[in-house]
């Protein structure tokens, strides 16, 4: 496999692990199948801010019934996989994503509330808890730019659409041989999917987009566009269909009356937008981010093509380890015996020590050196260095130890309480710190603190120890917006009057973030 495609595959595997831990899939799926969408949201880290009676009072009984139908099919755990994320896989801050099966084009509501829309808000900042906020808004309250997700990315009932989005044709999955008993057109969807995601370089990226039906016209002073297109090549198998879907839904709101074009703005700086022309063609637009005539609308390049079929092909997942909704789409008629990908806290690594290869053992959040016991010191150069690297992350860090550290702290940040408790049960080195000098106690606000805090305190972690930025666990919980964890830390003995290097208490930090969020919401 091409190294670039292998990196894409490995990043996607990490995304699935972080976005939807096994326990979340299990609990959210069980609740959804039982018809309890509120419990499904709770299991998937989604805070609900809606009342169907209020929706009926504002928009009417029929509109409320449509929202209720959307909620009945909502798969909140699966949704988390398809929301925009930063390079480190934290949610992209401040994004509002529309989840709606409204079948008609949206129209300008004037002074009215407009069409009711189910929407989720992503965390306000990169340090906030990785939780979503679900509400109903009127189409007249959409912000300047928003993300609109297709049905397959969030609604359990969109099975056929999901199969298409995953690149499956009638006879095979992408990167898999065909089933000879099931005829398929030539070229089929799987072949198209493979070709559009095949290895490419900067010189060939424009041709790849053109082969997908996207017009690419690079103008002067737009040398950044090929780089941006290459960065977003994972959108390519869905790009034209998504652009036309958004043009149909929002054309009445954002169409340029003079040209008949619908501009889909860029999601950020140095990202291109798209234009759906009056003749239906789709073109890359480099200046959509800043053009006054296109200051609002649903963003282009919104959703990436899922790569589950690649993980199946390369043996990283089996059919019974797929998300149930992915399995239903990729293996119609097959009964899934769902087996979650569980976290194994035990690992054995080899390190070079004093001219020999020694084994070191990792149990949960603790690394031990059996050849030297707990007294590995300067005479055991390799083993002592491995332990120091595991504890602090200071270079040089062997690749496998770096990955282990990243997984331990990433699971905490993304709220995988089950995996963190599994690690703690296997072992915890009280000296373990992430790259910002934070212990796992600093990250308790991202987890179910009622379950995790007692275990961390029993392990001997300090309530008032400061990280590299001078913040206590209480300050970091405030940064995360975790008021429940803050109360629990104070009840356990954390000092509420402790101040960070800016002279702020945790309460000050929490209030400052709340005020900033209120200001952003008011501007929207």
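Note that Cβ sites are derived from N, Cα and C of the backbone, with glycine treated the same way.
TrEMBL entries are annotated by machine, without manual review.
TrEMBL lists region 'Disordered' for one of the ranges 467-495, 496-524, namely 496-524. Within the same chain, residues 129-130, 365, 408-409, 412-417, 420-421, 424-425, 428, 430, 474, 476-477, 479-482, 484-486, 488-489, 492-495, 498 sit at least 6 positions outside the repeat 'ANK' (436-468) and bring their C-beta atoms closer than 8 Å to a C-beta of that stretch.
Broken down with DSSP, the repeat 'ANK' (469-501) shows 18 helix, 0 strand, 15 coil.
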